[in-house]
Amino acid sequence: MNPSELRMMWMSSQYNSERITLEDAATLLGHPTVGLSVMEDLSAHQPTLDMNPMMSLMGGDFTGQAAATAAALGVQPGTLIATNSNNLYGFAHMGGLQQQLLQQSAAAAVFQNYAEAMDNDVENGMVGMAMEAVVDDDDQVYGQRDNNFDDNGSELEPKQEIINIDDFVMMNEDNNSYDGTDFMTSSDKDISQSSSSCMAQMPGSLGVPGVEHDLLVPLPDGLLHHKLLGTTLVPAMGTLNGNAFGNIMVSTENTSSKQMQRTYSTAKGANSTATTATCSASTSSALRSQRKTRKIEPVNRPGLVLKTPIAYRGNIDPSVIPIQKDGMAVCKRCGAIGVKHTFYTKSRRFCSMACARGELYSLVLNTKMEGDQATTSSPDPGAGSESADLPGDQQQSQSDIELDLHAAHIKNANYRFRITDQSKITQLNSFGEPMSMGGDAAANNVQMAADETIAALNGGAVGDATAPGSTEEGASTPNSYLSAAPTPKALRLFKDIYPQDDLPQIPKYERLPVPCPQMEKIISIRRRMYDPTHSYDWLPRLSKENFNAAPVTCFPHAPGCEVWDNLGVGMKVEVENTDCDSIEVIQPGQTPTSFWVATILEIKGYKALMSYEGFDTDSHDFWVNLCNAEVHSVGWCATRGKPLIPPRTIEHKYKDWKDFLVGRLSGARTLPSNFYNKINDSLQSRFRLGLNLECVDKDRISQVRLATVTKIVGKRLFLRYFDSDDGFWCHEDSPIIHPVGWATTVGHNLAAPQDYLERMLAGREAMIEVHEDDATIELFKMNFTFDEYYSDGKTNSFVEGMKLEAVDPLNLSSICPATVMAVLKFGYMMIRIDSYQPDASGSDWFCYHEKSPCIFPAGFCSVNNISVTPPNGYDSRTFTWEGYLRDTGAVAAGQHLFHRIIPDHGFEVGMSLECADLMDPRLVCVATVARVVGRLLKVHFDGWTDEYDQWLDCESADIYPVGWCVLVNHKLEGPPRVAHQQAPKPAPKPKIQRKRKPKKGAAGGKTPTDNNTQSVKSRTIALKTTPHLPKLSIKLELKPEHHNAAFYENNQPEEEGDEEDPDADGDGDGSTSHISEQSTTQSSSDLIAGSGSGSGSASLVTLATGSNKTNSSATNNKYIPRLADIDSSEPHLELVPDTWNVYDVSQFLRVNDCTAHCDTFSRNKIDGKRLLQLTKDDIMPLLGMKVGPALKISDLIAQLKCKVNPGRARSHKTNKSPFL
């Protein structure tokens, strides 16, 4: 603050008219400001001058600065008197100029106390000795810094708790720096001042008036921190020493400790009256000097209070904080809430470097305390250092914090101090609390504490230093000496930087998003030799001219959507060089060693067409997923020491490749440096395994059911119901999942355990008790807020009985008339599709929100030329809304009730994408946009008829860009291979067609259908269901599972393989299923029940054949029996399991209800011979130590052996023993 600013403040402010003189300045101001250029001119006492108005202004600005400044200059200032206004303005101006020196000198004074001061005479019991100093000719020990040296108000910058010298250096570099500690409010300051001042007056207190005790005094309720309160009785010390800086350690050569003690004792009686008078004066002066911080608290919402410039206070309701839930973080140290990417340390857990330091010091100190306890309980004195090792989680946390501290302060390394000599620790003011032990024990404890301090300040493991003079008695002293015994000042400084009690955390901290348990790195996948998922490969279609993929920016939920606009054609990247001498075998998680520069020629979804620099033709162009570990920005190799190796084909084309690259890269664009960080961050799920939530019951869609998250793949969750192993897949943004307590809140039917229901019922009258594994509302995506219905008093606009059109939740390819059956709270309502027969129990009702994009006004289909499915009993050719409303006497919902805002989504007809089949949600299939109606998309599954199409919203979380499955390691189902009718081949390869979609029967049930009803071939097909489909009268469950023919063909002898159908669709691949060709037709009476598939969301039907019925299958003329249904009357077929290949073994497991383990046996290449050799001990590790499945398969193998050798059947039955 310069003189002109001070003058303007003085002229415009309304100052206190109370008359004071500058003899009282010490009482009012604490420490007057010292100007550097006028120190020598102020040695003589000047006449007092009444400058009350201006001093009132200055009182809050420069308090507490003279002490440290004087210490830095090496002089003992006298009382400063402003004789005129020019001096006063000079003091104000110089006070601002000396801020930098003030900060450095205060730090130097603190650390010199440890390096230069000599040991107190503890044995003489000098209790209450406040300030002692012994100096030599070269060095001078300066007074203890005031812990709150600017508490009395400096408006130049906010109060900061100084932790180490780095803080001073950081503040020196930037006066606006802020370490993240709490601002002390005026009430806090008054309490601390009055408490510490009056403590010197208490009869039983230690020391004399005006002496700083540095007691750890707990603040009253409502204050979260313990402050190290220094006594502020500056006037008493000022009177004692004859100047206004009594709390400075006076440099007195040849003065012993005992002499100083006698000096203080003599002055004690003479100054007791003055101390009593100044106790209240100091408190009142604090009220007049309440300072303000420069950070202005927001006024637009009074409930939001900043704790630091980047974080709000921790006691604020997170729902009112204007931060996205997925970007919110809570400081692990102090509970402050802020934006996650602005927090400190690599794991983003602290709101400031001060909190990070405090956590580090707490870890060190707490570990030392635990080590001390182990030491005192152990007879071996040397056991203490052994027990001081940090646990694994604390070591990880400590190293994380230390790394950030080092990175933040690396430029200030020269300012660090290191205490290496134990003898240089001086116990200044060493009696923090009354002693409760003898002098010898006290000395031992002080020595032990000093040793701990040395180890802690040196950054080593606390507890490594051992006091040379420690005795056995001292070693066995309880570790309560930290608070009940003399404590060296070094250790009390250590205690100042961490709170004594755990700070309260907001309840929702435990429920903030937890990283998804998936690989941190995007693994190398470009040249994987074996793909365990057998996913469909887009590569054959990418190069076609008419292929059009939907851009990644069309999918707001897709990984990297927010940064995809930064990518473009013509960018240069560094990519793996596959045209080299030695072809590497890249394993998952490994990084290739050879790279070269390439140019992006075309981008389709996540796929990019690239060309190596140096090629003039497209002969070596290649497609690669932009989000894998083999593509990097230009310069990545240089930072990691990897060479750029030109392709072998053109390695001799240029003599100087360096000049060539310089010319090509000049002015070129490359990937953003944080591109892959953004991709990885967007791949993390908001949910974690084990969370409980409420989701739609797929067996009764009119109710929700408690379920648990058991798997997470690419933000897709597998939910398992609480009372069964059944469940289904859905995306975390799906509207059919809800937070805990949702059903109770909106009035929806709920199926859950009894204790859960009781907890929800109790929450109706009060807040719902939240458990650790409850998925709360901030994890869910909603297109509305509950505040809309609270703040505006909004109610539902829909009325029970209204008619509208809606997407059929049981058949997403149709839009039907529907009726509002019930109106719930917060915009939710239950509707019934009128195309079905009414159900008296209401089990066919489904919950939609009034803002759902899947409901439409009456007549929407006719306006947009969409075929509407008529109500039950009406003909689609004659159905009209006018006649229907007239017949039912109902009212159509008005157009204004529907929210049909159409965003610029970017989808066009013909765009390819990947889409989840919501009739079987575990499958993600190749699909194409068949139609766009506003924001409504009709998605067609490639290779399937239109009856499998799905109407989805443009922002649906069930559609993904091309290449998404590769990115998240999810299987992609390709189009089916169409086998044309022709003469049978000698040894036809079995194939399975993808499941068929059911058609509605007359009673609303489902019956399987097949497009090729004239074919004599039998097929294994799937009954397409929905996660909300009620149980059918005929229970149909999964029997065979989709598998890859290409893999099995690669493991068969060449003579057993068959040629590919030349007329098959070239776009297909091994992700399609197989068709078992047999000689007889199938009928509906051949339906059988099998076992669950694991996901429980799809049901498959096996259509059996002729004499074999369902007991076996024929594959390449090999008999594979179903052992569970063996009938003695069945004609005997030749059974030779020794000749089975890998596929035959998988087929054997399928027909015997062990489909879930087919892939495991296939990956291990188990053929018929090896299958017969497997023992129980072999099967257990093969199946991941799962006892039940291993026991079942072991028994199947035993039955198979008995089937081959009937003579062993009797011995098998009689000698059957337990598995374990």
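Cβ coordinates are placed from backbone N, Cα and C, and glycine is handled just like the others.
If you look up Swiss-Prot, you'll see Cys331, Cys334, Cys351, Cys355 marked as Zn(2+) binding site, on the strength of sequence analysis. The compositional bias 'Polar residues' annotation in Swiss-Prot covers 473-482, 1071-1082. Marked as compositional bias 'Basic residues' by Swiss-Prot: 991-1000. Feature annotation from Swiss-Prot assigns compositional bias 'Acidic residues' to 1052-1068. Marked as compositional bias 'Low complexity' by Swiss-Prot: 1083-1092. Residues annotated as domain 'SAM' in Swiss-Prot, with sequence analysis given as evidence: 1140-1203. Residues annotated as region 'Disordered' in Swiss-Prot: 371-399, 464-483, 976-1024, 1050-1092. Positions annotated as repeat 'MBT 1' by Swiss-Prot: 536-647. The feature repeat 'MBT 4' is assigned by Swiss-Prot to 879-975. The zinc finger annotation in Swiss-Prot covers 322-357, and the record cites sequence analysis as its basis.
By neighbour count, meaning other C-beta atoms within 10 Å, the densest spot among the binding-site residues Cys334, Cys351 is Cys351.
When Cβ atoms from all protein chains are considered, those within 10 Å of Cys331 (Zn(2+) binding site) total 28, not counting its own. Restricting the average to the domain 'SAM' (1140-1203) gives a pLDDT of 83. Around the Cβ of Cys355 (Zn(2+) binding site), 27 further Cβ atoms fall within 10 Å across all displayed protein chains.
Under DSSP, the residues of the repeat 'MBT 1' (536-647) split into helix, strand and coil as follows: 18 helix, 30 strand, 64 coil.
Under DSSP, Cys351 (Zn(2+) binding site) is assigned to coil, being neither helix nor strand in the three-state scheme. Across the domain 'SAM' (1140-1203), DSSP classifies residues as 49 helix, 0 strand, 15 coil.
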